[in-house]
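Quick look at what TrEMBL annotates:
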DOMAIN    37-83  domain 'RING-type'
REGION    139-159  region 'Disordered'
TRANSMEM  256-274  transmembrane segment
TRANSMEM  286-305  transmembrane segment
BINDING   SER344, LYS350, GLU351, ASP380, LYS521  UDP-alpha-D-glucose binding site
ACT_SITE  ASP380  active site
BINDING   LYS522, ASP546  Mn(2+) binding site
REGION    654-674  region 'Disordered'
ACT_SITE  ASP748  active site
TRANSMEM  827-847  transmembrane segment
TRANSMEM  859-877  transmembrane segment
TRANSMEM  897-919  transmembrane segment
TRANSMEM  940-960  transmembrane segment
TRANSMEM  980-998  transmembrane segment
TRANSMEM  1010-1030  transmembrane segment
Amino acid sequence: MEASAGLVAGSHNRNELVLIRGHEEPKPLKALNGQVCEICGDEIGLTVDGDLFVACNECGFPVCRPCYEYERREGTQLCPQCKTRYKRLKGSPRVEGDEDEEDIDDIEHEFNIDDEQNKKQQQAQQNKHITEAMLYGKMSYGRGPEDDESSPPHFPPIITSARSRQVSGEFPISNSHNLGEVSSSLHKRVHPYPVSEPGSARWDEKGDGGWKERVEEYKSKQSLLGGEPDDDPDMSIIDEARQPLSRKVSIASSRINPYRMVIVIRLVVLGFFLRYRLLNPVHDAIGLWLTSVICEIWFAISWILDQFPKWFPIDRETYLDRLSLRYEREGEPSMLSPVDLFVSTVDPLKEPPLVTANTVLSILAVDYPVDKVSCYVSDDGSSMLTFESLSETAEFARRWVPFCKKFNIEPRAPEMYFAQKVDYLKDKVQPTFVKERRAMKREYEEFKVRINALVAKAIKVPPEGWIMQDGTPWPGNNTRDHPGMIQVFLGHSGGHDTEGNELPRLVYVSREKRPGFHHHKKAGAMNALIRVSAVLTNAPFMLNLDCDHYINNSKAIREAMCFLMDHQTGRKVCYVQFPQRFDGIDQHDRYANRNTVFFDINMKGLDGIQGPVYVGTGCVFRRQALYGYNPPKGPKRPKMVSCDCCPCFGRRKKLDKSKGGSNEQAADGGFDDDDDKELLMSQMNFEKRFGQSAAFVTSTLMEEGGVPPSSSPAALLKEAIHVISCGYEDKTDWGSELGWIYGSITEDILTGFKMHCRGWRSIYCMPKRPAFKGSAPINLSDRLNQVLRWALGSVEIFFSRHSPVWYGYKKGHLKWLERFAYVNTTIYPFTSLPLLAYCTLPAVCLLTGKFIMPTISTFASLFFISLFISIFATGILELRWSGVSIEEWWRNEQFWVIGGVSAHLFAVIQGLLKVLAGIDTNFTVTSKATDDEDEFGDLYAFKWTTLLIPPTTLLIINLVGVVAGISDAINNGYQSWGPLFGKLFFSFWVIVHLYPFLKGLMGRQNRTPTIVVIWSVLLASIFSLLWVRIDPFVLKSKGPDVRQCGINC
């Protein structure tokens, strides 16, 4: 589809398709003040059409026609400002170099102004025929066909599978040259999506990352290694290209073996400890004892499920130079696989357009062949603000992308690049870098002002709804009832930067929404992107990002391709998951936003089993895996054949010809993907599985991706609108077996789990420079709400049919330790119940004077000492092999308690209400907006929510319990201090873990909120009452009966 051709809106169910042109105001590249030539000072003058003469369409530098023609004839033929070559304009004579341009030769009509009107009429007539041909069939607005219209030119038909029949409800595209009668009542025009042509200009052929440079880099590396030079260096390069693109790096045995030994010792000690606790009840506090034992048994089970999937942690290395040597050879087109990148957004007020724009800009500037990159932005809120900001982003990308690739800057999100507090001149040798950087920073600031102006305008919605620049109402004014919309901002036609190089595709997509349909939130939006990208570009791999996760490492896609395109191990890899890294987090990471323990310990452990879980963003998928196909079968081991002399080895296997043939086939690799697909084609109904779109069904059978050249662009556009219609997924396998799986607000866990159950494996890639970075909520209430959403999704999965507790046993592809990890991801919210009870027990013991354990002997104390030592040893050795700091580990432990007694508890309650009573909860998008005035201002903001009630209650009762216990010990003398220490230890354990929560309630250090004043008064009152020995918590000691013997008894 032609870039900026217009917004395509339509509904397949309502037989509507319309293209809205003129929705953007023309953006002047430079103001022509006074209409005076900047070279000679004369007036610029007008063209033959009466418009102001513009010599350079890129920057609009004011130059008159004589100076323009002189520069083309005698000078450098470049614009004085932007250094772009002057293109031949109408009425100007040809010069050397014009033969390379694609303009129509009008040398015979250079100065013929009389027939301009005739040419316009002919062009208008031609456009009319093209429009009617593209919209042929079921695309009218109520008028029937007219007989007096001539037949429009023929367009190639949409592709259909030879094995599939025509789908009912499909847009009919005639295969004959006579298209029949068409409607001429359409007043809007539709442009098809462009098909990439070979030979397109690519940055990678001109930039620093060319094949020659990579070969020289390889040779320099070999020389540094001290190896002897080969007689034939080309053969050594070829041998290097044949090597694996990645390798598995095991953890050093000196680090991992002691860790495993301590785990076994801790397991044994835990068994003895639980045995002692069960066999030694506390008779005078049987309720407290029983509660504590149940909690401890649950904690033990939870620890086993979390610990043993970390038994085989590994690291990985990639070889980007080998990838380039293998797939980017000199003089040949790049053989790297195309990639479709998905960015999802919903609410532009919670997810600021400037944040989304930075993510899109980092994608467009990625270090990858531009003709193999397509960016799809899903606007699930159908917001005109998102649409207009994306239009501004596309215009700014024409200047930002060449700047990034020319100077090889990192990161390639402008907001983060210009905010870096580093020496930006390091490793820069181009003299023009400083000047161009200053100019680019100024242009980015102007871009920010334009985006901010759009945001300010969008705050107040007009009563009649939003109106586009041509007067057409915005199709998405009703966010719950609107047609599907597609707009290509950058593409093959018009998708070039200021230096004439091609840019990646940028496509805006808003799926159709109608009342009465269940749209499945983010999972439904991602499935719509899968289908529309399959119809338009059909790349074999897909990368999905949240709108606030930008590409921090421009070579991130290449890192993933080292695994996915490796012929030895890549065929069975369903996705490559990158760790999440975050910007804007406070130095001490008060609420464990970085989640380093999970990403640097747990995920490494899973990578050594069957692969990491999918975490929702920063993941490169294999498209075939999302389509529900099984991984390719590997060679089977031959069955053991022995003689008859020893019965223990079995009988000799006599293979007939039929069995021998099957074994040969198995030895050659079994049935490959093509055989599986042929089998599926003969056994299943494609309409029921993939939906009623022949173009999309055909794309699912193309393992290497790509759009067939025989497909009509017009037909592809109609199919793109069709596959994002709200009723397309009805009675299909979408959401149950295909794409992102429905049934939980944490669709990422379900999606990865289904692929692992089919036998796929995943890869965890941790490059030295983080691949992606995003934002995280640093406010306490926002953080708890985020954790609540994750925990609620896990509870929904636990009660669904896809629960890892009972799903996936039939085929047996999911490994046991991998299942342990998935079970742990679904049951961890239920730990909140025993955790809440266990955190309450210390206060109850202090207030009642009882304890959960009997008086222990010296021998029994060894169990407790050994258990604590093993716990600390496990943590220390875990930090040793993973590289996680002690502070990060401790913050993770603290927030495990904070989130467990608040967000996880509410998630369990809401999950049970949904399962038992059918009460659904609303999904709230985490706000990505930040305070520009104070970087960490949100950290100290106090936002009240009901999630704060349980941990606040625990803090108060434990503080009161500590005061009561100490007061009781003071009253009763020295002998009562011994039992008090055990109770105080558990109570302080709770208070120390909740300390970050207490700091969040207090706000800034230089402020004293009202709630803190109230607490102070409350605690002071308690201290005063206890000090005068008004103590209701402890029974009074028995003394003589004064009624019998008097006071002097």
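The backbone N, Cα and C atoms fix where each Cβ goes, glycine too.
Annotation for ASP748 (active site): same-chain Cβ neighbours under 8 Å, separated by at least 6 residues, are VAL613, TYR614, VAL615, GLY616, TRP740.
Comparing local CB density within 10 A for the binding-site residues LYS350, LYS521, LYS522, the maximum falls on LYS522. Farthest C-alpha pair in the UDP-alpha-D-glucose-binding residues SER344, LYS350, GLU351, ASP380, LYS521: 16 Å apart. Of all the Cβ atoms in the protein chains shown, 24 others lie within 10 Å of the Cβ of ASP546 (Mn(2+) binding site). The residues of the domain 'RING-type' (37-83), classed with DSSP into helix (H, G, I), strand (E, B) and coil, number 9 helix, 4 strand, 34 coil. For the transmembrane segment (980-998), the residues of the chain that approach it from at least six positions outside its boundaries are 590-591, 780, 839, 841-843, 845-846, 851, 853, 891, 893-895, 897-898, 951-952, 954-955, 958-959, 961-962, 965-966, 968-969, judged by C-beta separation under 8 angstroms. Below 8 angstroms of C-beta separation, residues 267, 270, 274, 277-278, 820-821, 823-824, 827-828, 831, 834-835, 837-838, 841, 844-845, 850-853 of the same chain, each at least six residues beyond the ends of the transmembrane segment (286-305), sit close to that stretch. For the domain 'RING-type' (37-83), the predicted model reports an average pLDDT of 78. Within 10 Å of ASP546 (Mn(2+) binding site), counting C-alpha to C-alpha distances, fall the following of the binding-site residues SER344, LYS350, ASP380, LYS521: SER344. All protein chains shown were included, and the count of other CB atoms within 10 Å of the CB of ASP380 (UDP-alpha-D-glucose binding site) stands at 23. In this structure, the C-alpha atom of GLU351 (UDP-alpha-D-glucose binding site) lies 14 angstrom from that of LYS522 (Mn(2+) binding site). The two recorded residues, LYS522 (Mn(2+) binding site) and ASP380 (UDP-alpha-D-glucose binding site), have Cα atoms 8 Å apart. The number of other Cβ atoms within 10 Å of the Cβ belonging to SER344 (UDP-alpha-D-glucose binding site), over all protein chains shown, comes to 22. Around the Cβ of GLU351 (UDP-alpha-D-glucose binding site), a 10 Å sphere holds 25 further Cβ atoms from the protein chains shown.
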